[in-house]
Each structure stands twice: as structure tokens, then as C-alpha cells.
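Some features that TrEMBL has for this protein:
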TRANSMEM  115-139  transmembrane segment
TRANSMEM  192-219  transmembrane segment
TRANSMEM  225-250  transmembrane segment
TRANSMEM  262-288  transmembrane segment
TRANSMEM  294-318  transmembrane segment
TRANSMEM  349-375  transmembrane segment
TRANSMEM  381-409  transmembrane segment
TRANSMEM  421-441  transmembrane segment
TRANSMEM  453-481  transmembrane segment
Amino acid sequence: MTVDDRKAEAFEEAIRRQYWFELFVDDLPAWGFVGELKKDDEGKEQPYIYTSKRFDISYNKDRIIQVNLTTADPVLLKPGAKLTFKYSVDWHETKTPFSRRFERYLDYTFFEHKIHWFSLVNSFMMVFFLTGLVAIILLRTLRKDYARYARHAADALDGALDAESLERDFSEESGWKLVHGDVFRPPRHLTLLAASVGTGVQLVFLCTAVIVLTIAGSFFEERGTILTCFIIAYALTSFIGGYVSGGLYAKHEGRHWIRTMLLTASLFPGLCFAIAFGLNTIAIFYHSLAAVPFAYIMAVLLLWGFISFPLCLIGTVIGRNWNSIPNYPCRVKRIPSPIPDKHWYLRPWAICLAGGLLPFGSIFIEMYFVFTSFWNYKVYYIYGFLLLVVLILLIVTVCVTIVGTYFLLNSENYHWQWTAFGMSSSTSFYVFLYSVHYFIFKTKMTGFFQTCFYFGYTSMFCLGLALLCGSVGYMAAAAFVRTIYRNVKCD
């Protein structure tokens with residue numbers, strides 16, 4: 001190969017910035033540097049490119065067990081130089097079984113560091129604290145509200161209190177009771193909320209299933225297996241999303257269920273496809289191997305059209321018929337009650353921003369290991385850790401949402417549906433902010449191509465996390481609201 005000016009400049013930049021490449025042999029990675037810098041007689045650093053590569057491959061019967069790559073024969077890089085690249089392969093027999101060939105790539109020192117264990121213990125302590133806080137609210141504060149209401153209601157019946165004093169006492173002591181006629185009012189943008197909750201519940205089952213299957217089957221040992229499992233599992237679990245969204249929409253007496261079904265079926269896949277399409281276009285423009293072949297894109301679209309969409313339709317129809325009975329403990333007033341003006345920290349936007357801090361605090365150390373394994377090419381294998389962290393995240397999200405919903409209702413604001421979804425999904429906002437910090441301080445990525453791919457993949461991850469956490473928070477808040485109003489005589 002003859003090196004022209006453009007190639008010489010590109011190779012020199014890669015050598016000076018210590019670029020390295022990655023090759024795969026039977027799904028086993030091998031890494032090597034493009035070249036090195038050597039000083040000439042005048043003391044100036046000159047770029048040298050490696051022209052020889054030697055592969056040392058160990059095998060056991062008919063299976064490749066280990067691959068080592070050695071680069072050699074550096075040649076001075078300059079315009080007009082003629083380079084001859086060559087490689088050699090040496091085969092070595094080994095007794096290492098095929099099931100253990102990935103063990104040499106597992107960084108036990110990094111992933112099983114004591115800080116990792118400490119973060120897990122810290123997250124468990126946070127769970128105990130939050131569950132205790134929720135228990136105090138449910139068993140103490142609400143019990144006092146119930147007892148006070150029952151006592152005052154009995155006194156009112158006996159003539160000890162008039163209606164005016166009873167209402168004044170409720171206004172001062174238990175604000176959540178005053179919105180019983182509005183708390184079950186259909187939320188704004190019901191179609192979007194139903195689709196988001198349905199998709200989020202589907203992602204909860206999907207992520208749990210994929211993690212459990214990975215723990216049982218060691219999917220991390222082959223490239224693309226986890227992603228393939230995720231896509232297929234998403235199509236097969238579309239019934240869950242349709243069932244939840246259809247039932248939720250019908251409970252609030254929605255009339256445009258077909259629109260809700262279409263949005264549920266296309267919300268998460270559509271946004272991810274739009275991001276992936278943009279990234280694929282950039283990859284094709286840069287002639288990158290990261291570009292996805294057209295055949296794979298068509299396979300995913302066919303999987304969505306012939307499996308995911310019909311299952312979502314079936315789930316929506318069944319959900320509308322089997323899970324659509326409102327059965328609310330309180331009747332909804334015809335005229336909405338006015339919402340009093342409260343302090344800024346009791347407004348929905350403040351509660352939403354504060355709601356994501358504790359869930360993010362329970363997972364941010366694990367986010368460092370996940371980001372490092374993905375962007376620094378380490379093999380992530382501690383999926384048992386990941387399953388525990390996901391469970392902790394869900395528990396913390398449930399507890400935070402219940403507490404936030406109680407404070408919101410106590411301030412006589414009955415728009416709890418979107419607030420509950422927002423305070424739990426705001427965890428993804430803090431994850432995205434952390435990804436910006438990681439990009440600036442932990443990676444050496446530069447240029448338009450790397451920046452787009454980093455934030456494109458991160459956006460898809462944060463989108464899924466927002467839907468997942470938001471749906472869990474909404475379901476927890478809905479159960480909490482039903483529970484507290486079921487034990488109160490509203491009429």
C-alpha cells in the first residue's frame with residue numbers, strides 16, 4: 001500500500017493519540033496499537049506504524065479457546081512510503097474447556113472491588129431507611145388522620161361539632177382528605193400516560209427476564225447475544241404493554257383506545273429506531289463498521305410488525321375487557337376543585353426533581369461499572385449484582401413515589417398521576433447528567449462521530465429507564481391512593 005498525504009495524516013494522528021484497534025476471532029477479542037513514536041537523531045518524535053501481526057491461537061479439539069495478538073515490524077510513516085502488511089498464525093493445543101475461555105477477559109479486580117460491595121450495602125441501608133419512612137407515613141400519620149376523621153365525624157353526628165368547624169379542622173389537619181372528589185379524575189394527556197405506563201411495565205418484565213436469562217445462560221460470552229435476546233423478548237412481552245395501557249385507558253373511560261394502542265406499540269421502539277436511524281446514517285457517512293446492514297434493519301421491522309404489534313393489539317383488547325372496571329372508592333365531582341397556591345417545594349416540578357435523587361443515589365456507582373464496561377470494552381459479567389441493584393432501584397422508587405404523592409395530596413393538589421410518573425422517571429435525568437460527567441472526565445472521546453454515538457446510545461438507555469421507573473412509580477402511587485381513600489368515608 002502506498003501512503004498518500006491524507007492517509008499519512010490520518011495514521012499519524014492515530015499513532016500520536018495512541019489509538020488501538022479491536023479484532024474478533026470466533027467472538028474472542030484481540031487488541032493492538034496502530035503504531036508507536038520513536039525519536040530520531042535530532043530528538044524529534046517520528047510516527048512508526050506496525051506492519052506485522054502475529055496471532056497465537058489456542059484450541060481444544062475443534063473450538064478456539066484463546067487468541068493473542070502481537071504487533072511488530074514498525075516502519076517509518078511518511079507520505080509516499082510503501083507499506084506491506086502481513087500476518088502469521090501460530091496454533092497451540094490446550095486443555096482449557098470451551099466453557100472457560102472467557103475467564104481471562106473477566107476483570108475480577110475491577111468489578112469485585114470492595115467499593116462495589118460497599119455501594120451495594122449502602123443501597124440496602126437506603127432501602128431500609130425509606131421503607132421505614134413509608135411505614136411511618138402509612139402506620140402513624142395516616143392512622144392519626146383516620147382516627148381524627150372518625151372522631152370528628154362521630155362528634156358531628158352527635159351535634160358536638162357543626163359542619164363549619166369540622167371542615168375547618170380537616171383543612172388544617174388532613175389536606176389529602178379534602179380532594180377525595182377530584183383525586184380519581186382522569187389525568188391530562190391520558191393517551192400518552194397510558195402508553196408510557198404500559199410500555200414501562202413491559203420493560204420491567206423484559207429487563208428482569210433478560211438479566212435472569214443472562215445469569216443462567218452466560219449470554220455475555222458471545223457478541224450481540226444480549227441485544228438479540230432483548231429485541232426478541234421485547235416483541236414477545238408486547239402483550240403486557242398492551243394489557244396494562246388498555247386497562248388503564250379504559251378505567252378512565254377513554255374513547256380513543258385504538259390511538260392508545262398504536263402509541264403503546266410504537267412509543268419506545270419508534271423513538272429508539274429514530275435515534276438508531278440517525279446514528280446509522282452518520283456511520284454510513286463516515287464509512288464505519290458500526291453501520292447496521294439493511295437486512296438486519298428489515299428483520300427488526302418485520303419482528304415488530306408481525307409479532308410485537310399483534311401481541312400489543314391483543315393485549316389492549318383483553319385489557320379493555322378484563323381490567324377496565326374503575327371501582328374507585330370515591331366519586332368524582334363534576335366541577336374540579338381549585339388548587340391552592342403552595343410553597344415552591346410543594347409544586348409538582350419541585351417534587352419531580354427531588355424524587356429522582358434517592359433512586360439515582362442507589363445506582364450511580366453501578367452506573368460507573370456499566371458505563372466502563374460498555375465504553376472501555378470490559379466484559380460485564382456480574383449480572384447477579386445488576387439484578388440486586390435493579391430490585392433496590394424499584395423498591396427505592398416505590399418508596400419515594402409514595403412519600404412524594406402523600407405530600408402532594410396533603411397540599412391539596414390532586415394532579416398526582418403525572419407527578420408520580422415524573423418524580424420516578426426523573427432518575428433518568430440524573431443518569432443522563434452523570435453520563436455527561438463521564439463523557440468529559442472519564443473518556444477521551446472527541447469528534448462528531450464519537451459524540452453522537454455516545455449520547456445516542458445513552459439517550460436510548462435513559463429513555464427506557466425513564467419509562468421503567470415512571471411506570472413503577474405510577475403503579476405504586478395508584479395503589480397508595482386507592483388504599484388511603486378506601487379506608488375513609490367520602491360521602
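Positions of Cβ are set from backbone N, Cα and C atoms, glycine also.
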Cβ-Cβ under 8 Å with the transmembrane segment (225-250): same-chain residues at least 6 beyond its ends: 190-191, 193-195, 197-199, 201-202, 205-206, 209-210, 213-214, 219, 257, 260-261, 264-265, 269, 300, 303-304, 307-309, 311-320, 322-324, 471
Residues from the same chain, set at least six apart from the ends of the transmembrane segment (453-481), whose C-beta lies under 8 A from its own: 183-184, 193, 196-201, 203-204, 207, 244, 267-268, 271-272, 275-276, 278-279, 282-283, 290, 355-356, 359, 374-375, 393-394, 397-398, 400-402, 405-406, 409, 416-417, 420-429, 431-432, 435, 439, 443, 445
Long-range Cβ neighbours of the transmembrane segment (381-409) (under 8 Å; 6 or more residues past either end): 102, 106, 111-112, 116, 120, 123-124, 126-127, 130-131, 133-134, 137, 141, 175-176, 179, 183, 204, 207-208, 211-212, 214-215, 220, 346, 348, 351, 354-355, 358-359, 362-363, 366, 369-370, 415-416, 419-420, 423-424, 427, 469, 472-474, 476-477, 480-481
Contact set, same chain, for the transmembrane segment (262-288): CB under 8 Å, 6 or more residues outside the stretch: 191-192, 194-196, 198-199, 203, 234, 238, 241-242, 245-246, 297, 300, 304, 308-309, 312-313, 316, 448-449, 452-453, 456-457, 459-460, 463-464, 467
Long-range environment of the transmembrane segment (115-139) - Cβ separation under 8 angstroms, sequence gap at least 6: 358, 361-363, 365-366, 369, 382, 385, 388-389, 392, 395-396, 399-400, 402-403, 406
Remote residues contacting the transmembrane segment (192-219) - C-beta distance under 8 A, at least 6 residues beyond either end: 102, 225-226, 229-230, 233-234, 237-238, 240-246, 248-249, 254, 260, 263-264, 267-268, 383-384, 386-387, 390, 394, 417-418, 421, 464, 467-472, 474-475
Contact set, same chain, for the transmembrane segment (421-441): CB under 8 Å, 6 or more residues outside the stretch: 193, 196-197, 348, 351-357, 359-360, 363-364, 367-368, 371, 375, 393, 397, 400-401, 404, 451, 454-455, 458-459, 461-463, 465-467, 469-474
